[in-house]
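Take a look at the structure set out below.
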Amino acid sequence: MLLFALGFLLVILQPCAGQFPRVCANMQSLQSKECCPPWDGDGSPCGELSSRGSCQNILLSQAPLGPQFPFSGVDDREEWPSVFYNRTCRCEGNYMGYNCGECKFGFSGLNCTERQVKTRRNIFQLTTSEKNRFLAYLNLAKHIPSQDYVIATGTYTQMNNGSNPMFRDINVYDLFVWMHYYASRDTLLGGSNVWRDIDFAHEAPGFLPWHRAFLLMWERQIQKITGDENFTIPYWDWRDAEDCGVCNDEYMGGRHPTNPNLLSPASIFSSWQVICTQSEEYNSQQALCSATSEGPIRRNPGNNDKSRTPRLPSSADVEFCLSLTQYESGPMDKMANYSFRNTLEGFADPQTAISNPSQSSLHNALHIYMNGSMSQVQGSANDPIFVLHHAFVDSIFERWLRRHRPMIEVYPAANAPIGHNRENYMVPFIPLYRNGEFFKPSRELGYDYAYLQEPALESFQDFLTPYLQQARQIWPWLVGAAVFGSVVTAVLTRHIRACWKKKGGTSSEIQPLLIESEDYNNITYQSNF
């Protein structure tokens, strides 16, 4: 009854961010390369009559890319979304959406002028009713078709350059599974050839901003299909965990009694079917994932390859990662050393920050530890633990942003792997978002984390750390300045005394540098530092 009532709300809800807008998945839009749907509020494209936005040419970044992808013109995701559309809605002010019919993240109200900040909470701190509601929302999303978006089942070439559109419907939850697959899939080069060293959502600077945007869109979609505007994604704090605390029937599903690779029949997730998990088959057929069912969720937590991931991440791992001052470094891929992003993603040692792709730590460790659907990149979002895990990863990203307070220029503008430069649009999102737009504190995007709001010593340390680091960097300069100042003072003092002796007097008329004792206490010493 609950699912029916919630599902009925779909007919009155505004569109949300996703992949291909249904209204643009047709021959006319593909051949004209224009996706500027009308806003229902005034019937004009992009709500132009209401000054919400207008149909504009897409402005693509011209910054050079890194050497990891040595091709051009072979992948629909290059210079996203220009292969499909080169004109889309450009929204004004606080408006957003493929037709400018929504408010930007962090804003609400009829004219999108009301600021809002919602709080994401630890899943173990939810009440029983809140937890059950979250599980019901997940199940609802898995069983309701997306009203606004469809997925592509063929490349643009296979669509005969738009004259033969190849799209299909998909449910709300699987829409996000498919988007995660599409961003990380291999490049199809024809015949049986593929290029594997490409990923628009991982192994490069965009990893954290991309997943931040992904979770915000997923969160908003749940808010829309349920009518619960206050819904936020809970997180699972896995620091120092000895096992998978959410892997039971009370939360995300326990272990099957006779098959340890499957979920318990008592869990609602045991009936879920996965999609987009057979990458080798798609590659051999030079085809895209069509979102057909490929079997149940698989999970066998803890029975993973211990030589690759011996344990779950510790608090010490997280603290060391947060101490790294560089967001990105070197080749800006999984071989980057001393990179906060690469260390948090899990390709660098969490005790040295030296790249070691043969090991999986932090973010990657959780995926490997689950030993099932979560452990394959392209299909990992099939397991609903994915959202709990990435919400906590995002909170660590947030802690780093608050501690180091980087300027936007810290995010690489050029020479990152394809799709990861600051001004590149994120694949495969429409409406369009640039990587740099999500390299900012979460409160500016309308959300916060419960454990980051608590006035603890940890928060004070996060506040103080950047200033201590600055002091450490300029300490040699301060010492040098102090020595130089002492020498100058000594020379001037000797010179002044010599002048006094030559003039032969010490009357008050020739002592302008002296200070009366009653004035001495009124002097305030200030330091520019």
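Any Cβ shown, glycine's included, is placed from N, Cα and C.
Note that the structure is predicted; figures quoted are calculated from it, not measured.
Feature annotations, courtesy of TrEMBL:
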type: DOMAIN; residues: 202-219; note: domain 'Tyrosinase copper-binding'
type: DOMAIN; residues: 383-394; note: domain 'Tyrosinase copper-binding'
type: REGION; residues: 287-313; note: region 'Disordered'
type: SIGNAL; residues: 1-18; note: signal peptide
type: TRANSMEM; residues: 474-493; note: transmembrane segment
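Secondary structure by DSSP for the domain 'Tyrosinase copper-binding' (383-394): 10 helix, 0 strand, 2 coil. Counting residues 6+ beyond its ends, the region 'Disordered' (287-313) has Cβ neighbours under 8 Å at 151-155, 168, 170, 174, 178, 181-182, 185, 188, 238-244, 247, 253, 255, 260-263, 269-278, 350, 358-362, 364-366, 368-375, 378, 382-383, 385 in the same chain. Taking H, G and I as helix, E and B as strand and the rest as coil, DSSP gives the domain 'Tyrosinase copper-binding' (202-219) the counts 13 helix, 0 strand, 5 coil.
Taking DSSP states H, G and I as helix and E and B as strand, the region 'Disordered' (287-313) has 0 helix, 1 strand, 26 coil.
Confidence across the domain 'Tyrosinase copper-binding' (202-219), taken as the mean pLDDT and rounded to a whole number, stands at 98.
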